Ligand SMILES: NC(=O)c1ccc[n+]([C@@H]2O[C@H](COP(=O)([O-])OP(=O)(O)OC[C@H]3O[C@@H](n4cnc5c(N)ncnc54)[C@H](O)[C@@H]3O)[C@@H](O)[C@H]2O)c1
């Protein structure tokens, strides 16, 4: 089949490369000329494990191409995916749909024959109706069906998630569109990945409900972690104790500095706005957003507390890991941003290292001192803080780390280490919920 992917960011590029790997002919479009030039030259605009080889092999096979020319890319496509960004709108937290509607206008101007337009971007309930209205108004003569197909991949594990999804959700009532979507996902269908056909509005809501539920699970265990600290319990044991219950499940029960990233913060806010618009509040998600926002700053205070008595001004803290999670270079809404800001506000000198996120971090946080590895970051530090649990920080040489530091204090916001091991190496150790 011929597939056009509009937007070649985390989702568009991974989806496009995977569809090509399934054997489809895929054109990835982006209006960012630098991004397309890099892709044409074989350079990945993002860090995602395995993506470079997947792209290279499909380009070599002639199934995957890149362009800035949306008009030409749309002609003759069986399915046109919209995978552009839907960030929070400045000021009110609604999803900013301007990129989605701009892409729709461009598709409307360019579309030639019968085709299916698929929103893969995460969009609020009713967006598909608006996309359809634009297409019908501009091109009433062309047979175009609008389908919702939200994406559930995780950055850092995106290719595996795309190729072996827990489920594929497709929102349409149109039989022709269902046939096209079955063709698009046929290889996964054969792998027995369940395909859920639902109404378009339902499909749009499933994505928000899924992210809000996962954000709730994280926030729940974070509050339980605080309670563990207050009563002298161990949150890791609580997580195991409840997670082994199949009704609860083990995943997303790791206490930490609060959720961040490109999806949960904006999607929870957008869900609240939808709920407000329809006068059907989701109080649980309201609480989740509030608790998570205050938690990130609270983690900054936790680090200041670990520095001990006295004025923190002029002290030095090393942050290990800046991206919102490991195996990505994505810094969007990362907890490290609020933590670093709280430390800077207190007059602390912040040194930092991240295996893949240094470039975007430097753009967002120019006031930090950036280092080449964990040990360089630790030089002269009064505390080292593990903010993101990259593998590189899981087996640090604690003796070497301590040797570089001004004072041996380790704040482990991801509960990577065992207390006896760290204290045995002569550190004062602060973890989360233990
Ligand atoms: N990142 C994730 O892990 C993830 C997971 C699931 C769903 N999503 C959703 O997928 C969507 C895309 O997210 P992302 O992280 O890939 O965003 P991104 O910012 O990485 O990529 C979006 C790309 O779209 C391009 N673009 C915007 N308007 C365009 C236009 N008119 N024509 C061509 N290109 C255009 C931008 O230049 C950019 O490269 C969002 O709605 C997001 O919520 C993201």
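The backbone N, Cα and C atoms fix where each Cβ goes, and this holds for glycine too.
Automated prediction, rather than curation, is the source of TrEMBL annotations.
These features come from TrEMBL:
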type	residues	note
BINDING	30, 35, 86, 122, 155, 266, 332	NAD(+) binding site
BINDING	152, 153, 154, 155, 207, 252, 253, 254, 255, 256, 260, 325	substrate binding site
ACT_SITE	263	active site, nucleophile
DOMAIN	318-419	domain 'UDP-glucose/GDP-mannose dehydrogenase C-terminal'
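Structure with TrEMBL features highlighted.
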residue : record                   : Cβ neighbours (10 Å)
30      : NAD(+) binding site      : 23
122     : NAD(+) binding site      : 25
152     : substrate binding site   : 17
154     : substrate binding site   : 14
155     : NAD(+) binding site      : 25
207     : substrate binding site   : 25
253     : substrate binding site   : 20
255     : substrate binding site   : 26
260     : substrate binding site   : 24
263     : active site, nucleophile : 26
For the domain 'UDP-glucose/GDP-mannose dehydrogenase C-terminal' (318-419), give the DSSP counts of helix residues, strand residues and coil residues.
33 helix, 18 strand, 51 coil
By CA distance, which of the binding-site residues (152, 154, 253, 255, 260) lies nearest to residue 332 (NAD(+) binding site)?
260
Looking only at the domain 'UDP-glucose/GDP-mannose dehydrogenase C-terminal' (318-419), report the model's average pLDDT.
97
Please work out the number of neighbouring Cβ atoms within 10 Å of the Cβ of residue 86 (NAD(+) binding site), leaving out its own Cβ.
24
Alpha-carbon spacing, residue 152 (substrate binding site) to residue 263 (active site, nucleophile), which is rounded to whole Å:
10
35, 266: which of these binding-site residues has the sparsest Cβ neighbourhood within 10 Å?
35
Running a distance check here. Ligand 1 versus the binding-site residues 86, 155, 207, 253, 255, 260: which have CB less than 6 Å from one of its atoms?
86, 155
Residue 207 (substrate binding site) to residue 155 (NAD(+) binding site): how many Å between their Cα atoms?
16
Alpha-carbon spacing, residue 30 (NAD(+) binding site) to residue 255 (substrate binding site), which is rounded to whole Å:
37
Need this for a regression test: binding-site residues 35, 86, 122, 155, filtered to those with Cα within 10 Å of residue 260 (substrate binding site). What's left?
none
Counting every protein chain present, what is the number of Cβ atoms, excluding its own, within 10 Å of the Cβ of residue 332 (NAD(+) binding site)?
20
Looking at the recorded positions listed here (154, 253, 255, 263), whose Cα lies nearest to that of residue 86 (NAD(+) binding site)?
263
